[in-house]
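Student: Handing you this structure, nothing more for now.
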Amino acid sequence: CFNLTMEKFDWKRTIRINILLLKLVGLWPKGDEAYGRNFYTFYTFLSVVIFQIGHVFFQTVNLFLIANDLEAVTGTIFILLTDMGAFIKTYCLVKNMKMLKQLMITLNSDLFQPKNLEQRNLVQKSLNFWTIVVSIFWFCAFGCLFFWCSFPVFDKTVKEYRLPFLAWYPYNSKQSPQYELTYLYQAAAIIFTSMANVNTDTLIAALNVYIGAQFDILCDDLRNFNKGGKSSSEEVNQTLKNCIHHHREILKFAGCTNEFCNWLIFVQFFVGGISVGLTMFQLTVVVPFSSEFFSHVYYSTAVSVEAFMYCWFGNEIEIKSSKLPYAVFESDWIGLSPEIKKNVIIFVLRVQKSVRISALGLFYLSLETFVKVSTDHVFLEEIDNVLFVLDISN
């Protein structure tokens, strides 16, 4: 059982910044509560309507007004798709908040706690790598945000009353003070959307890390459930039953996590694939090494890191869960009683199939999927180059 002399491991500590930022944008109710009839829910509704739905609406209307301008359409649609994808993620997050909070409660239960220093080190190693990947993702996202919000200033197009994003408004945004206020609104909207989008993605990645870490803990328990062969048969059998129970709870946790992020993963890969292709096209028409050019570079890099983050940690779950049968055979099982050996064999047969995280059952999160997505990006880039040549010829 869990060593009571050890301080309880706080799984939320790693994602405390994510939780704080989600609270700021209205996407994380306090404590273990879901949304209810209170001021925070009203704040969430108001924020989403103003900064997400409003921003998407004004860009969508403008898209129909510029339908004949290929460059302007491609310059708008990849951002619009990103904003729409972020809104869908926000909707799924709010809708499944009760499930997510229950996952957090389960995670902090005694069953999911590391039982010794070695297991803590195993867990911390995975969490440290998550921190590194997330830091790179945040760097790319902040770079993209900075150039998106400031390229009219750097390009000196503010004198022409150019906004960061092409959008229609029911007033003249080409004069002061409407222009300045609209500029601030667009900057606030894209910052809000990015915070919701990035923190949702990193939260899902953290849940996948937690699942992988639980398999690390379970593998260590299985290697040592009959350590030295000194325990009585009753104690060994009870320890094995605890491992089996832990495995069942991990499967439940993984199933709920997959249910929570099914649509989120699908939306991310669908929107990300199209957006990167359109971004590559934009790189062929904007001024090289301008602030707008760098915004596209940061954006495409951020989407690639985002896809890698999903696929890597999803792949880790598959790899770590596949190690369970080997962990059993690494234990001192030879001297066990026939009854316990029978239970061990049944358990090994049960864990032969590794756990895989999927997007609506259409594809699995793995490094193979990431390679395919990267290849598709190259293919989309080639299509964009052809479209650019055709546009010039016309």
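The backbone N, Cα and C atoms fix where each Cβ goes, and this holds for glycine too.
Curation does not apply to TrEMBL; its annotations are automatic.
It should be emphasised that the depicted structure is a prediction, and the values quoted were computed from it without experimental measurement.
Here TrEMBL flags 40-66, 72-94, 129-154, 183-207, 260-281, 293-313 as transmembrane segment.
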Student: Between 40-66, 72-94, 129-154, who has the most Cβ pairs under 8 Å to the transmembrane segment (293-313)?
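Tutor: Checked against 40-66, 72-94, 129-154; highest Cβ contact count belongs to 129-154.
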Student: Can at least 3 Cβ pairs under 8 A be found between the transmembrane segment (129-154) and the transmembrane segment (183-207), with each pair 6 or more apart in sequence?
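Tutor: Touching, yes - the transmembrane segment (129-154) and the transmembrane segment (183-207) meet the threshold of 3 or more Cβ pairs under 8 Å.
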Student: Need a quick answer: max count of Cβ pairs under 8 Å to the transmembrane segment (260-281), which of 40-66, 72-94, 183-207 is it?
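Tutor: Maximum Cβ contact count belongs to 72-94.
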Student: Sequence-remote contacts (6 or more beyond its ends) of the transmembrane segment (40-66), Cβ cut-off under 8 Å?
Tutor: 25-27, 29-30, 72-73, 76-77, 79-80, 83-84, 86-87, 90, 94, 165-169, 186, 188-190, 192-193, 196
